[in-house]
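According to TrEMBL, the protein has these features:
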| type | residues | note |
| --- | --- | --- |
| DOMAIN | 7-93 | domain 'Fanconi anemia complex subunit FancL WD-repeat containing' |
| DOMAIN | 108-196 | domain 'FANCL UBC-like' |
| DOMAIN | 199-233 | domain 'FANCL UBC-like' |
| DOMAIN | 262-322 | domain 'FANCL C-terminal' |
Amino acid sequence: AAVTQSDSLFKDNPLLLPVNEQKTVYDGFISVQDKDLRIRIILPPDLQLKKAKLHCGWELKHLLRGYEAIVKQRLQQSADLSGFILELKTVLEVGLKSRPECCSIPPPQYYAQIISEMETLGWDKMVHIDMEFQTLKLKAEDSSGRQHMLTVRLKAKHPAEAPECSADLPVPLSVTWTPQSTLEQLYSQFLLVLEYLTEFWDVLDEIDEKTWILEPENPSRSDTMRRIAIGMNPDSSVLHNLRDVLEIEFPSPATHEKSGFSVECGICYSYRLESAIPDQVCNDPRCGQPFHQACLYEWLRALPTCRQSFSVIFGECPYCSKVTPMRRHRYQSFEVVL
């Protein structure tokens, strides 16, 4: 019977062989859907499967993640080793169907490529890398000393496929990637984005430090709003409190004409463009000409000297020729960077 069982095991799994005469240790590979998976099985002297130990290669361990209880149950219930291997293959086939990403394990060249790129970038910038070498977390510091984290999820065909990148930013993180791109170039682009946002974060940090922040309770770098506590006199009107806090006098119908505040767009010469008003102003305080977002965007895009970096477009103001940056967001909405 033992010979029959051994023959059956070898017939179904020709790459899994006993390494001792007692046949208590089997080492080699099991094949599932054209994949050879490394495994080592250690049986007790009485050859009872209930006390067997499995040592899996990293790829097999990755595929069995979440199925450990089922494998243990099959080990307890199977009549012999050949039957257990058959049950194990069934579990692996189910796992491969439910997790198609496991079917595309990168080739050895992939790992050599990642190691080479990290040596160029610098291992000191890495905070974490998973066992599959597919998710990396890189730390970075902006010019004000703030610490940031860039999460990079690499594809199996790296660098032919662009990675997925995410970070705690108030704007979408869009990067330029080609099949020749490297992690070092990706990291450099991230540093440029951090530098672009440095002044914005400086302002928020000052507000966080010198005021009581009511919302959000624990602001993150992606938060763009602050609700702060302002001392108000309950015995005074809202308007009077606003005058005291802002230290300004509000224009009123008695002192100003409304037309003085309805400044037309410097490009289309109208105040309203559908529901939009000219809310974008030239950065040069000596100019200060307002524009509609859409008008300014179309103007900048039409200039021969227009250039674009990520989602920011640079071009000359129609009035004073000062270079004006504009950020492009989703839904064709645009925001001038101040």
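Just so you know, glycine gets a Cβ as well, placed from its N, Cα and C.
Counted over residue pairs 6 or more apart, the CB atoms of the domain 'FANCL C-terminal' (262-322) and the domain 'FANCL UBC-like' (108-196) come under 8 Å in at least three pairs, which marks the two as touching.
Helix, strand and coil counts under DSSP for the domain 'FANCL C-terminal' (262-322) come to 10 helix, 14 strand, 37 coil.
Applying DSSP to the domain 'FANCL UBC-like' (108-196) sorts its residues as follows: 31 helix, 22 strand, 36 coil.
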